[in-house]
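*Asks:* The structure is given below, and queries will be raised subsequently.
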């Protein structure tokens, strides 16, 4: 008869006890930053009864990161052209106008202006 194999829970408990005895530090888990919770909140505002798969969330997260990097790079370039060392909301606004097409840029600028106004009024 083969020997009994310990369950996963028992193995984890045994390894924790071993680590505690030998004075080893527990390996700290690295936090993964993403926009997932914010994407989910917006999805629920727009379509409350709709869900999103993890693969679709990963794609959306990549999209937000890509757009963020493009806007930051363009704003940095604009600040450099104008011999400025600070990226202000004006550079961000101009970068958005340059990167996004037509109506999308108008909506993005109006939403951005609204967000900045809300932030400054709450201070």
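Glycine is treated like the rest: Cβ placed from N, Cα and C.
Sequence annotations record features per position, and here Swiss-Prot assigns compositional bias 'Basic residues' to 9-31. Swiss-Prot lists 118 with the feature ubiquitin cross-link. Sequence annotations record features per position, and here Swiss-Prot assigns O-linked glycosylation site to 110. Among the features that Swiss-Prot reports, region 'Disordered' is placed at 1-31.
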*Asks:* To the nearest whole angstrom, what is the C-alpha distance linking residue 110 (O-linked glycosylation site) and the residue listed as 'ubiquitin cross-link'?
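*Replies:* It is 12 Å, counting Cα to Cα.
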*Asks:* If you draw a 10 Å sphere on the Cβ of the residue listed as 'O-linked glycosylation site', how many other Cβ atoms land inside?
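*Replies:* Here the count is 10.
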*Asks:* What's the number of neighbouring CB atoms sitting within 10 A of the CB on residue 118 (ubiquitin cross-link)?
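*Replies:* Residue 118 (ubiquitin cross-link): 9 neighbouring Cβ atoms within 10 Å.
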